[in-house]
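The following features are taken from TrEMBL:
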- 10-28: compositional bias 'Low complexity' (COMPBIAS)
- 101-127: compositional bias 'Low complexity' (COMPBIAS)
- 991-1025: compositional bias 'Basic and acidic residues' (COMPBIAS)
- 1073-1085: compositional bias 'Acidic residues' (COMPBIAS)
- 500-554: domain 'MIR' (DOMAIN)
- 562-621: domain 'MIR' (DOMAIN)
- 631-687: domain 'MIR' (DOMAIN)
- 225-244: transmembrane segment (TRANSMEM)
- 272-290: transmembrane segment (TRANSMEM)
- 311-332: transmembrane segment (TRANSMEM)
- 338-355: transmembrane segment (TRANSMEM)
- 362-382: transmembrane segment (TRANSMEM)
- 394-427: transmembrane segment (TRANSMEM)
- 448-467: transmembrane segment (TRANSMEM)
- 760-780: transmembrane segment (TRANSMEM)
- 801-820: transmembrane segment (TRANSMEM)
- 826-848: transmembrane segment (TRANSMEM)
- 855-871: transmembrane segment (TRANSMEM)
Amino acid sequence: MYSSAKAPRSSSSSFSFLDPTGLDLDLPPDQPTNHITTIHEDDQEEEADYVDIREAHAGRLQDPYYAAPPVAIQDEPSMAPRYPTGGHFYADTPNRSQTASPSLPSSYYPPHLQQQQQQQPQRYQYPRTRASGNGSAGLPLYASRTQRMRNGQSTSLDQSGKPIFRGPSQPRISSGGIGGMSSSSSGSEGDEAYFIGGRRAAGIHKRISSFRSRRGRQWYKSRQVQIVGFICVLSLIVRLWGIGYPTSVVFDEVHFGGFASKYIRGRFFMDVHPPLAKMLIALVGWAFGLDPSFDFKDIGMDYIGPKVPYVAMRMLCGLMGAAVVPMAFFTIKNSGHSLHAAVLAAVLVLFENSIVTQSRLILLDSPLIFFTAFTALAWTNFHNQRKYPFSDDWFIWLFLTGVGLGLTGSVKWVGLFTIATIGTSTINQLWILWGDLKVPTRVWLDHFAARAFCLILVPVVIYMFMFEIHFLLLGSSGDGDGFMSAPFQMTLGKSLEDSPLSIAYGATVTIRHQGTQGGYLHSHPSNYETGSKQQQITLYPHKDTNNDWIIQKGDGSIPSTLEYVKNGDVIRLMHVPTFKKLHSHDKKAPVTEDENHFEVSGYGAKEFAGDANDEWRVEITDFDGRDKKAGEMLHTLRSKFKLVHTNMACDLFSHSVKLPKWGFEQQEVTCMRSAIQAKTTWMVESNIYDAYPANAPKVNYKIPGFFGKFIELNKVMWRTNAGLTDSHPYDSRPSSWPWMRRGISFWGKEQKHVYLIGNWFTWYLSSFSIVLYACIRVLLVVRDKRGYRDNFRGLRDYYELSGGFFFMGWCFHYLPFFLMDRQLFLHHYLPALYFSILLLCVTFDLLCRFMPNRYRLAALIVVSTVAIYVFKTRAPLTYGSEWTRSQCEASKLLKTWDYDCYQFPTSYDHYKPYHPSRSNEDLTGRIIDPPVVQLQQPQEPVHSEDRPHDFLEHLLPHNPVPVDQDQGQPQEIHLELNKQAEKLKVAVHDSLKDEGKEVKAPERIHTQDSNPKEGKPAPVEEKHKAAAAPKPAAGEENKAPKVAHPPKKPVPEASIPDEQELGFGDFSSDLMGADEENPGGEDDAFPATREEQ
């Protein structure tokens, strides 16, 4: 018998197993307490493990909560009374299933339940026992997982160590859940601790937080950790393998790589996305020595020559993409689902072609998905702490959720959809808390304040902090100045001298448009190519002397005395550099076709006073309220006005339409009738006149602070983002995304292609799970309305909560795109795809819930194998690797998948003759046109300074030199090709000579070594030989050496060998064809001959 005296508490890892709210173990009081038996969570009917609990059980009795008398603790409503009987203790708690193991004696249960337990039908008997060490009878072995589920007992744990009940008599799953999508209207008594808490929570939490597995093993020996470790290693391999190829600029690396260069130079630029991911890319580029003079301006620009650290920059995105895989695993596992479902989530995300493609390039989608996945995982872990409100872990995960929201929103504004997902779930939790009358108002306000601080204030502070760093890094003027207002530009190193307040006739002014960020009223000595073909009038965003205008009176004169411009005055504006007048007439606008738009031009000459079409009336429409006279007199910076043409009755107007290249793509200016006032509003920015008195009041811009710049930049980003309405060859609409109707072509060269396309198996299964979930929910709601209650043995609420959160995340990340008129692409669907994959795994777990373990494992293997196979079949499009035309055609499941299969050769053998070496130099030249044939011999071993700037080049080699196992070294192949090509050239030359045509004597085929002027320098030995040789005479340096050939007999045309006989086959036709990006047929891998140059 045990004594009630206090004993030192044991630190055994099996402590949590004895807790009544733990694994629901049934311990008969009359049996020895040497051992208890447990069954593995996922192994059915396997041999039980043993855990020694002598010390743990002895330490349990010193717990003050188990002391007599049997009275419930009043300040802990969630705690049930304990009943000490004969040295044993019993627990009656609502968290425990009341359907206990029938094999246990009734004396095990509290007195008020003993009669009830005797009357219960014994559905299952477990007579098997194992003898203890002292020869006494052992404990009954536990039943299988399926039998325990049928008996209403717990079979698995959630993140906090609490059992997840499956049977019909289990307590209700936490109200509100992860996603708050359940139809339940109230919580259970078992959730009281979630709302109120108790003293005992901290002790339980401390015990279950130890890094010990259920078998008492060290954490690194647990099966789950080993699985996650293997998944992480595989994810790194899939994401980073061959990440150095392509060795040139790919797709939107043009933008985000270029932004990195501008960050390093400190030049201000404007982009529609927040700055976090771009700053991270720039940080990596700066750390690995990126030369900011490399501007990434064109797709296909070579990285190797300038030694751009592109591999390190791509590695940042690759590592973030690799981290998404284990986060998907833990999100499903910590949501309470099986290990099989968690592994499936990791496999599907790991082998998703579109996510892999985005993770291997300098793009923003990989950081976006990374922070989105982190936020979903943090919110799941916060939900698992619901029983312990205001505990350390509760606050940590809530705070990390807010951090994830801030970081996600700081990468792309798509992060706002993640904020909406978490916000909706939070509102649902607070609403259920408000409806629980057991929760005091003060406690509810504490919950609200904690969530408001962590989920609102923290994300906002992080988002604004990223822009503060952005402004500090970009302190100099750049190509983004034109998007910003003049006060903003004053913070970028620009300065504006103070200008007199009042504006007089004869003053030289610059006039800025207010309706757009187009800049200043501008003219230059170039004429329109349409209409009147007079001098162009445009808007120009930068300061320039061509922005200067002199204000004259309506008759073209300037008063001898100082006279100020007033509201309603008729004026003329003369362009200072060209002496042209601002002019309009009844001519169609140069670009805009609307009948209300008329051309505005520069007309006149220095000695010509002008005509009536030069006259404009000043009408002040708005002014600074601090300057009352600005509404009557035209004042610098403080008066907003429009210019009305007196003859045409139209307003000087400008909009975002650009002129063609003959207009230098500057913004169009027209004279428009019935125009929107915002687009006809102007302001005088500078005002210079020698006749002004010295004491005239002066004004200047007020320099904005951080908040002013922050608000203005975000407004410009919003307007610019909404204005991206131009069509693109590979844009698509949201309705086609779930079915993956088409992808995006990223890069194509060297008969290889990088094309963004998803894993159709994963894509379609996840879309099907979305449709299935929506249909089932609608069906259940309709049945509920008719009085049916489909509980599915307690599983309905559980899967509605878990699946509902992921379904809600998919909706918020997908449906808003239907409201956007801007340019959209398939990669905008990737965050929604991530949530749909998680919902697919929840569906898989539900379908396999009652299967035996071996069948669930078989289902997991089958689904994973198919996903991996489909990934492998389209891997060449993901990695830009070698592929054949037949394989490409066979991979097209839909006709709308528009990657071009004709760019691939018919067999892999065609890649061997010009397979690039580690330095991406040519192994052979390009056959352009017979009889001009040029081949190159393979390169000498590349010196270290010529290798790609890749700090992982030894771990992940780029493109090793191929060796034909049948024919020996590549050198022998190319020497043979040289001989055959030279024979062809001589034969064609002799044939043409026989026909009476004048042709030059055939020259030897130049290789890289024989003609160092082509391609890279010759090897070191050849350089020494060249230095020792005598120099040619003046004028002979550029002449190629000629070699005399002995006369040959005429060769009949039929005897000239064709390309098939020479062994070229389709190879020559492939080389002569023009690729998609280079219509002229020129390719970096095959430099042009001297004749072409």
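Glycine is no exception: its Cβ is also placed from the backbone N, Cα and C atoms.
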Q: State the non-local partners of the transmembrane segment (760-780) in its own chain: residues 6+ outside its ends, Cβ under 8 Å from one of its Cβ atoms.
A: 183, 348, 351-352, 738-740, 790, 796, 800, 803, 807, 810, 833, 836-837, 839-840, 842-843, 863, 866-867, 870, 893
Q: Check the transmembrane segment (855-871) against each of 311-332, 338-355, 448-467, 826-848 and return whichever range has the most CB pairs under 8 Å.
A: 338-355
(Q) Under 8 angstroms, Cβ to Cβ: which one of 225-244, 272-290, 338-355, 394-427, 826-848 has the largest number of such pairs with the transmembrane segment (362-382)? (A) 394-427
Q. Could you count the residues of the domain 'MIR' (500-554) that DSSP puts in helix, in strand and in coil?
A. 3 helix, 28 strand, 24 coil
Q | Criterion met for the transmembrane segment (448-467) and the transmembrane segment (272-290) (at least three Cβ pairs under 8 Å) | A | yes
Q.
DSSP on the domain 'MIR' (562-621): how many residues come out helix, how many strand, how many coil?
A. 3 helix, 29 strand, 28 coil
Q.
Taking contact to mean 3 or more CB pairs closer than 8 A (sequence separation of 6 or more), are the transmembrane segment (826-848) and the transmembrane segment (272-290) in contact?
A. no
Q. So, does the transmembrane segment (311-332) come close enough to the transmembrane segment (338-355) to give 3+ Cβ pairs below 8 Å, pairs being at least 6 apart in sequence?
A. yes
Q.
Just to be sure I understand, if DSSP states are collapsed into helix, strand and coil, how many residues of the domain 'MIR' (631-687) fall in each?
A. 8 helix, 29 strand, 20 coil
(Q) Within the domain 'MIR' (500-554), what mean pLDDT does the predicted structure show? (A) 91
Q.
Given a Cβ distance threshold of under 8 angstroms, which distant residues of the chain, six or more beyond its ends, lie next to the transmembrane segment (311-332)?
A. 227-228, 231-232, 235-236, 238-240, 243-244, 257, 260, 280-281, 284-285, 287-288, 290, 341-346, 348-350, 355-356, 358-363, 366-367, 369-370, 373-374, 376-377, 380, 834, 837-838, 841-842, 845, 948-953
**Q.** Chain residues in Cβ proximity to the transmembrane segment (394-427) (below 8 Å; excluding those fewer than six residues from its ends, i.e. six or more beyond)
**A.** 176, 178-180, 273-277, 364, 367-368, 371-372, 374-376, 378-379, 381-382, 385, 388, 450-451, 453-463, 466, 721, 805, 808-809, 812-813, 816, 828, 831
